[in-house]
Amino acid sequence: MNRSLFIIFSTIALDAIGIGLIFPILPALLQDITHSHQTALYIGLLGSLYAAMQFLFSPVLGALSDRFGRRPILLLSLAGSTINYTFLTFSHSLVLLLIGRIIAGMSSANMSVASAYLVNITKPDQRTKYFGLMSAMFGAGFIIGPILGGLLGDYWLRLPFIIAAILSGLNFLLAYWVLPESKTAELSNNPVSSLNPFKAFTSLRSIPNILPLIATFFILSGTGEAYAVCWALWGHATFQWNGFWVGLSLAAFGLSQMLVQAFIPQHTSKRFGDRNTVLIGISCSCIALFIMAFAQQGWIIFIIMPLFALGSIGTPSLQALASQKVSPEQQGQFQGIIASTISLASMFAPLLFSTLYFQFQSKWPGAIWLSVVMIYLLALPILIRSLKPNMQPSK
């Protein structure tokens, strides 16, 4: 593995550790600040506000990375993350937490720019493998982050934010001193008008059969928000998990996902094709969600973690399919569009799932997972259309 790949994967892993640190303790922090039983709704509000800012700024940052290079935009994003975590450390009101999430959303471009960076330095037939490794690095970060966050948060709620700020700062320094630029001179042809986040979507009309694929990103990303909003709340309500056990469960998922993403996607893609790999992943997710909905003992969740992680094997294949639908000089903008599509889903999904969980929590918290299965089933025609064989990347 060359130096550029090593640094970009390290950046993703450190970013995941920082994110994972705050997951187990966010509900407790909100409860401590608001003294309210509507924690689920506040988590949804924070998630939606973050996504709204990301929706507006991701295409801008992606297009800027096409025009000025991947490296400076990635550095800008990492600096914003450091400022955000530092800000959240000293927040003692819901308003300050909301401002912190606005800052985070405005500067969040790590994944989209890293994806464009990866496209620049890899061959088309290698992208499924390296997108899988990128997801594996994110999973590796989630092994360390949640456990550390749970332990530190049980000691002091603010401590995980301090550690996250330190890690983000180290991430910035690592990228600043070591990461080279990946974009060559001929890849700087995007006009200034491409900085408009809404105008960027009009270019999709010139890419055949891409809209169903974008819709698939929207659906899969929206359902994924259920875990971010409800996991810690559901674990506490169903199994009486504290911060440590919530963190341990997330770490178990991170370990399972790391192993799955590191070794399985490239083989399933070659054996079954990218289309079928995505469908296999969705099927695994639905089975795991059904079991989770009815689980009454916490150990069951740890047993099904490998199956749950298999639900993510389609993500690299979906990214590989999408990456080959645009020219190299548009990769940054297109990856920004994908990030904005994900953010658009994330604007609405947290509010949807937090509202549903608020209704379910007193009688059956696990019902939230059946709602995710229902969305998969209702969206199945769109998913199948987006993955039809004639959308397979050329060999």
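The first residue you see is number 1, and the count goes up from there.
Any Cβ shown, glycine's included, is placed from N, Cα and C.
Listed in TrEMBL for this protein:
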- 4-388: domain 'Major facilitator superfamily (MFS) profile' (DOMAIN)
- 7-29: transmembrane segment (TRANSMEM)
- 41-61: transmembrane segment (TRANSMEM)
- 73-90: transmembrane segment (TRANSMEM)
- 96-119: transmembrane segment (TRANSMEM)
- 131-153: transmembrane segment (TRANSMEM)
- 159-179: transmembrane segment (TRANSMEM)
- 210-234: transmembrane segment (TRANSMEM)
- 246-264: transmembrane segment (TRANSMEM)
- 276-294: transmembrane segment (TRANSMEM)
- 300-322: transmembrane segment (TRANSMEM)
- 334-360: transmembrane segment (TRANSMEM)
- 366-384: transmembrane segment (TRANSMEM)
Average model confidence [pLDDT] within the domain 'Major facilitator superfamily (MFS) profile' (4-388): 83
Chain residues in Cβ proximity to the transmembrane segment (41-61) (below 8 Å; excluding those fewer than six residues from its ends, i.e. six or more beyond): 26-27, 30, 34, 73, 76-77, 94, 97-98, 101-102, 104-109, 112-113, 194-197, 200, 225, 228-229, 233, 333, 336-337, 339-340, 343-355, 358
